[in-house]
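Notes to accompany the following structure.
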Amino acid sequence: MVLPISMEDSELFPKSANLELPDKRIEYSSENFLQMSEKLSRLWWSRLVISVRGYVINYFKTEDDMQFLCDDAFIMIHQHVVESQPEIGQQFLSDLEAIVNVENLVDILQLLDKGDQVRQNPFMDKCTKAPFERIFGGANVATYRIANAQKFAYVIFMNIFSHLQQRWLTEAKKRKGIRFEEDPEWQPDERVVLFEHFFEGNRTWVLLDFDRHILNYWRPQGSAVIFGDRFIEDKKRLGFALCAHCGILEQRVGQFAERNHKRFCSLKCAENYETNSHTND
């Protein structure tokens, strides 16, 4: 069974001026997650994380510190949910469930980040201390700052995943939409930020940490995972090339230098490609 989903789905990705946070408890089923892990491909999970990350980051395009810390959060999500064994992802999401459902979480983390005292500190409370420490680390000024910045990433991801779990149980076969794991037409919509400064004519790529992580994980197919198979094929027909090592797409035709009949975005990628080739021989 597959789980149809579309970036145009307003329930998952509402087109609002400000980032909307849920006003009720976010439900998560660890048993349901294991069932989904058995049926849905890594590509589906990866594109889910890519899409939620792009959706959230779009609301913080002018805040470099927020982008950096939110990217760290989405890298953690990708590492635990996509790259690890299901049992590891199951525990990680259970920890997030405990975190995002703390009453007045947004206000509490903001106060802690400012150095103010709170009546019930989730880093100290016996019911939430363990999950907060596993995700953010022990209670201190640095972790308060990180938690305050990353709260939006975790809340929005868990809220969207909660909706998807409900659909998996009740409506998976009824919904129509783009299937992350197999549809060559899949691509993020214009509201999603992927590759900051993409198509702005810069001679050098400006990648955020999450972009680099995805490219490296799916190397050399990362660009197709992010932008969709059809998009990449169209670019190739127009003469654009992918780096033979990391898979990044040219911003202009002929941008990448040729070496031994292959295109590379940098000397480092060319050397790494040759090193890997010799290792595999």
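Including glycine, each Cβ sits where the backbone N, Cα and C put it.
Taken straight from TrEMBL:
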- 42-169: domain 'DUF8117' (DOMAIN)
Practice task
Summarise the model confidence on the domain 'DUF8117' (42-169) as a single mean pLDDT, whole number.
Solution key: 95
Practice task
Provide the three-state DSSP residue tally for the domain 'DUF8117' (42-169): helix first, then strand, then coil.
Solution key: 99 helix, 0 strand, 29 coil
